[in-house]
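TrEMBL has this to say about the protein:
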TRANSMEM  12-32  transmembrane segment
DOMAIN    60-198  domain 'Peptidase S54 rhomboid'
TRANSMEM  64-83  transmembrane segment
TRANSMEM  95-118  transmembrane segment
TRANSMEM  124-144  transmembrane segment
TRANSMEM  156-177  transmembrane segment
TRANSMEM  183-202  transmembrane segment
Amino acid sequence: MQELLNALRPFPITAGLLLCSFLGFSLVYFNAPVSWIAALTFTPFELTRAGPVFGEPGVQPWRLVTPAFLHFGWLHIAFNALWTWEFGRRIEARVGSLSTLGLFLAVAIVSNAAQYLFGGPGLFGGMSGVVYGFLGFAVVGERLNPRWALGLPPGVVVFMLGWLVACVLGVVEVLGFGAIANAAHIGGLAAGAVLAVPLAFLERYRRRL
């Protein structure tokens, strides 16, 4: 346990994201009251005999972010936790905790909003949109600011992009992985890549002062 805490301590934001993700997964896995889960989804919903009935997004700003913490199965949480740790800690070590938190919030908002806009009201969640945002940030940021030296193996980048293509083409869903929030993945990837540009150049500018 101490070794785990020692590994997490240098990366408080990444550790916090993992903790929130496992808490969100626990709500689903242990059948928490529906009202608890509905308080964290992008749009509120109620369960009826005909199925879930979704409301309209209200003035509840946390809903822009909190769907990222909801996970709906062991494979879902395991996949996202792995890549949140791998990408998150590398980014946090280079850009700092505050910038990592800002990056997470921005990417979560964009990816969740993209899924709602293109997928319509529905029960979606998970950190995968943020994971792809971290990926986009890492790939673009490292090229614009080589000092970051995030050290992502090329094979990981190829795998993640290949997985994204397989999701978009419907291959992953056919294999039994369930519905995929493709808009969240693409929106997150684009948001992370775009946000890398100002942060990379800002870091380079600071070093010149």
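Every residue, even glycine, has its Cβ placed from backbone N, Cα and C.
TrEMBL annotations: computationally assigned, not manually curated.
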Sequence-remote contacts (6 or more beyond its ends) of the transmembrane segment (95-118), Cβ cut-off under 8 Å?
11-14, 17, 42-43, 57, 64-65, 67-68, 88, 124, 129-130, 132-134, 137, 141, 148, 181, 183-188, 190-192, 195, 199, 203
What else in the chain is close to the transmembrane segment (12-32), if you only count residues 6 or more beyond its ends and a Cβ gap under 8 Å?
40, 66, 68-72, 76-77, 80-81, 84-85, 88-89, 92, 97, 100-101, 104, 125, 127, 130
